[in-house]
Amino acid sequence: RCSVDNRVTRVAWLNRSRILYAGNDKWCLDPRVVLLANTKTQYSIQIQDVDVYDEGPYTCSVQTDNHPKTSRVHLIVQVSPKIIEISSDISINEGGNVSLTCIATGRPDPTITWRHISPKAVGFISEDEYLEITGITREQSGEYECSASNDVAAPVVQRVKVTVNYPPYISDAKSTGVPVGQKGILLCEASAVPSADFQWYKDDKRLAEGQKGLKVENKAFFSRLTFFNVSEQDYGNYTCVASNQLGNTNASMILYG
């Protein structure tokens, strides 16, 4: 807007040295620039669908009694943040190094922060486009969230999933006492990424699925060996072996009377 009075004889709007309007006459080809008012009190233009290239100085030039006057206004264009590049989901072995990248645009330049989406995580772990994790542990697996904010609009967020692979670790394997003729269960629990494959042995002999009187159930984090009708021959030492491509481990337990 440009306020004028009745002493003004000529008016014009310029962008830098380019004339946009002189009086009612449009001098620029841009259809987004329109004349809003040319009255005795106001000479105003409007720029529709503003772009970053519209940023810069605009000058209202008026002629009064052969004496020119100018009034200048600077247009600052703000742009909401936008994440234009982010790392893909990654799978890495425990102890390896991880580099995550998050690139964002906006005006003013957005602030970028990284945080680990985890119940144990507290606050930001990086206030930068780059997140470096050296010697990653299994506790550091999960989703990492990149946030870009510049106060023009709500922050934009995107997530990257980091999978940490590690060899099996047997967390529970207890010996069990069962009377003859009763149902008995031996349980072997193991955590591993990727999930462990389980095998059972009695002494040095591998137990096969479907063996008479036995049932083996393998799940992602445990294996269950069930005896439907325990006999004296079932008593003894059993070994559970948990393995994935990173390694294997075993635990022994006893089925006793």
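Glycine residues also receive a Cβ, built from the backbone N, Cα and C atoms like all the rest.
Annotated domain 'Ig-like' per TrEMBL: 1-71, 81-163, 167-256, in sequence order.
The domain 'Ig-like' (81-163): residue composition by secondary structure is 3 helix, 48 strand, 32 coil, according to DSSP. Regional average pLDDT for the domain 'Ig-like' (1-71) in the model is 94.
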